[in-house]
Amino acid sequence: MKKDVRILLVGEPRVGKTSLIMSLVSEEFPEEVPPRAEEITIPADVTPERVPTHIVDYSEAEQSDEQLHQEISQANVICIVYAVNNKHSIDKVTSRWIPLINERTDKDSRLPLILVGNKSDLVEYSSMETILPIMNQYTEIETCVECSAKNLKNISELFYYAQKAVLHPTGPLYCPEEKEMKPACIKALTRIFKISDQDNDGTLNDAELNFFQRICFNTPLAPQALEDVKNVVRKHISDGVADSGLTLKGFLFLHTLFIQRGRHETTWTVLRRFGYDDDLDLTPEYLFPLLKIPPDCTTELNHHAYLFLQSTFDKHDLDRDCALSPDELKDLFKVFPYIPWGPDVNNTVCTNERGWITYQGFLSQWTLTTYLDVQRCLEYLGYLGYSILTEQESQASAVTVTRDKKIDLQKKQTQRNVFRCNVIGVKNCGKSGVLQALLGRNLMRQKKIREDHKSYYAINTVYVYGQEKYLLLHDISESEFLTEAEIICDVVCLVYDVSNPKSFEYCARIFKQHFMDSRIPCLIVAAKSDLHEVKQEYSISPTDFCRKHKMPPPQAFTCNTADAPSKDIFVKLTTMAMYPHVTQADLKSSTFWLRASFGATVFAVLGFAMYKALLKQR
C-alpha cells in the first residue's frame, strides 16, 4: 500500500475547486476565495486510512500547461471537478480533461479518476444521468460524487473516495467491461483460499472461515453472520457452498460481490494480509524478511517450523501412506508460482520404494534448503503462508541462527542440529555410493538412478548418543585445489576405492593441502570393500597414514549389500562433527564408538515405534 496519497483537483475555471479544498480544511464555506489554494497536507492520524494526504489545486490563470503536466505526473489520483449547473464544464470532462490526463500517463497504469459534481446546492436535479455514460465509457473513472462546497455536502466523502481510489484501486482487481475479476486477482485469491483450507478438503468450514476472518479483520464472525454469508452465496450460485463449507467458487463470488458493491477495500485487506502489493505480486518484504546471519553461523529450522511443515505434509498426504505422490506434491506446490523441487530432490532425501518423498525426506529437504540457502527457505515458507497460519510476524521466526562455531569449540559443546560433511575423492571412487547409502539405498537401487537426476547432496537423520541430528553430505568434484567454499564444513569424509591403486594418493594430497593443520576432523573411508583390495601407489599405506596423522583407521564401506548399507560411518562422521574437540585417542577407542552406535540403535528403534504410533493416530 502506498505510503502517502497525492490528490490533484482539475477542471474548468470557477467550478469551485479551490472552494472545495478550503471548505474541507476550515469546515465552513469561505467568503473570499483566492485564485488557487496552496498545497495542503492532511496528517495520517486524521485520515480514515491512516495515510498522509496531499491535496493540490490547479488554476489555469496562475499555472502554465507545463506545470499542469508536471502535477498530473506527480498525482496518485485526479478529481475532475465540474459544476452541476454548468453544461459546458460537464462537456469539458470528456472533450478536454480525460484525454489530456490519459496523454500524460502510461496506458498500462492509468491514473484513477474521480468525477466531482460541485454546486449541487444550486439545482434541484442530479447530473448523474449525464455522467453515467461517461463512467461506462472510461474504466479509469472510479466513481462520481455530487457535492456542495457551500453546504459542506459530501466534502469529506469526496476526499475519502479519492484516497480509497489510490489505496484500494479497482483496476488491478476487476474488469468492468467483462463484469468479472481479472486473472491475476483470481490467481491470488485462489492461493489465499488454498492456504486457508487447512484440512485440504476443498471448502472453508466454519472454523477455517473464523480463523480467516480473525487474521484478516481482527474479529471473528458470529455463527449467524457466518450462516448469512453462506446464504448470500447459495442464493446466487448453486455450487458456492458444499457440506456447509464455502467452496473456492463461493469464495471468489463473495469477493466479486464486494468489488461490484464498491467494497473493494475488503478484498484489498485480504490480499495485503497475505503479502500482495498493488500489482498483485507478493512483496519482497513479505517473501524475504530481514534475517541477520553473522559469520561462522549457520541457519536451521526451529521446533515451530517443523510442526508447521509436519502439518503441511499431513494436509497433502491424502492417502495417508506417509509419502507424497507426484500428484500430492503438485497439489502442495499450487500455492507457489513455480515448482521448486526438481527430480534431483528424490535422490537427495529418503523416498519410498516407488520413489516418492517420505515424511522424513520432506523434512530433510526443508532442513537442507534452510542450511544452504536460507533466503530461498524464507521465500518458500512465504508461499505456504507460514507467518499467517502460525500468526508470527514473518518467516524469520521459523529460523534459528546458530552461534559462532568458535564458541562451540571453546565450550566443547554444540547446540547445532545440522552438520555438513564434505565428501572428497577422485571420480568413480564411490562418493555417490556413500551419499546414497545415507538414504538407505544399496547398489541395486543406486543403479536405477538416471544420470540427469543425480544429486551432489544427500541429507538424513542420524542418532548419536540418543540425539537426532541431520547429516548433510556434499559430493565435492575432483580438482587440484579446493576452493574456500569446498573446505568449509564440520567434518570431512575422504573416500578412496580399495580396488584402484591410484585412488588414495588424492585423498592424502588433499588432506595435507587443506586439512592437516585445520581443526576440521577427517575420516578416511575405504570404499567398495566388497572388491579385491590392491596396494595403493603411495609412500605409506592408508592405515599407516591415519596412524601418522592421528586419525581413526580407514573405515571399510560397501553399498553392494542385499539390504540397506551399514550406517556406521554416518554415526562416526556425525559424532566427529558434534565433538571436534575429542582427542584422536578417543576417536580410535572402540568403547567411544560403541556408546555412540548403541544410542543410535536404541533411538532408531524408539523412533520407529513412535512413528508407527503416529501413523495409527493419523
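Cβ from N, Cα, C; glycine included.
Over in Swiss-Prot, the protein carries these features:
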- ARG14, GLY16, LYS17, THR18, SER19, SER59, ASN118, LYS119, ASP121, ALA149, LYS150: GTP 1 binding site (BINDING)
- THR18, PRO35, ASP57: Mg(2+) 1 binding site (BINDING)
- ASP197, ASP199, ASP201, THR203, GLU208: Ca(2+) 1 binding site (BINDING)
- ASP317, ASP319, ASP321, ALA323, GLU328: Ca(2+) 2 binding site (BINDING)
- ASN428: Mg(2+) 2 binding site (BINDING)
- 428-433, LYS447, LYS454, 477-478, LYS528, ASP530, 558-560: GDP binding site (BINDING)
- ASN428, CYS429, GLY430, LYS431, SER432, GLY433, LYS447, LYS528, ASP530, THR558, CYS559: GTP 2 binding site (BINDING)
- 2-168: domain 'Miro 1' (DOMAIN)
- 304-339: domain 'EF-hand 2' (DOMAIN)
- LYS92: N6-acetyllysine (MOD_RES)
- 1-592: topological domain 'Cytoplasmic' (TOPO_DOM)
- 593-615: transmembrane segment (TRANSMEM)
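Everything Swiss-Prot records as a feature, shown here on the structure.
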residue: ARG14; record: GTP 1 binding site; DSSP class: coil
residue: ASP57; record: Mg(2+) 1 binding site; DSSP class: strand
residue: ASP121; record: GTP 1 binding site; DSSP class: helix
residue: ASP317; record: Ca(2+) 2 binding site; DSSP class: coil
residue: ALA323; record: Ca(2+) 2 binding site; DSSP class: strand
residue: ASN428; record: Mg(2+) 2 binding site; DSSP class: coil
residue: CYS559; record: GTP 2 binding site; DSSP class: coil
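The secondary structure of THR203 (Ca(2+) 1 binding site), as reduced to three states from DSSP, is extended strand. Using CA atoms as reference points, the binding-site residues SER19, ASP57, LYS150 were checked against SER432 (GDP binding site), and the closest is ASP57. With a cut-off of 8 Å between Cβ atoms, the residues of this chain six or more beyond the domain 'EF-hand 2' (304-339) that come close are 191, 194-195, 198-200, 351-352, 354, 356-359, 362-363, 366, 380-381, 383-386, 389-390, 392, 397-399, 615, 618. In this structure, SER477 is the one among the binding-site residues THR18, SER19, SER477, ASN560 with the smallest number of other Cβ atoms inside 10 Å of its Cβ. Checking the recorded positions (ARG14, LYS92, LYS150, ASP317, ASP321) against PRO35 (Mg(2+) 1 binding site) with a 10 Å Cα-Cα cut-off leaves ARG14. Mapped onto three states, the DSSP output places GLU208 (Ca(2+) 1 binding site) in helix. When Cα-Cα distances from GLY430 (GDP binding site) are compared across the recorded positions THR18, LYS92, ALA323, the shortest belongs to ALA323.
Taking the Cα atom of each, ASP121 (GTP 1 binding site) and THR18 (Mg(2+) 1 binding site) are about 17 angstrom apart. When the binding-site residues ASP199, ASP317, GLU328 are ranked by how far their Cα is from the Cα of THR18 (Mg(2+) 1 binding site), ASP199 comes first. Least crowded of the binding-site residues (ASP57, ASP530), judged by neighbouring Cβ atoms within 10 Å of its own Cβ: ASP530. The shortest Cα-Cα distance between ASN560 (GDP binding site) and any of the binding-site residues LYS17, SER19, ASP57, ASN118, GLU208 is the one to GLU208. Cα distances from ASN118 (GTP 1 binding site) to the binding-site residues ASN428, LYS447, SER477, THR558 are smallest for SER477.
The record assigns ASN428, CYS429, GLY430, LYS431, SER432, GLY433, LYS447, LYS528, ASP530, THR558, CYS559 to the GTP 2 site; their largest pairwise CA distance measures 17 Å. Of the recorded residues, LYS150 (GTP 1 binding site) and LYS92 (N6-acetyllysine) place their C-alpha atoms 23 Å from one another. Nearest to ASP201 (Ca(2+) 1 binding site) in space, judged by Cα atoms and limited to the binding-site residues SER19, ASP321, ALA323, GLU328, is GLU328.
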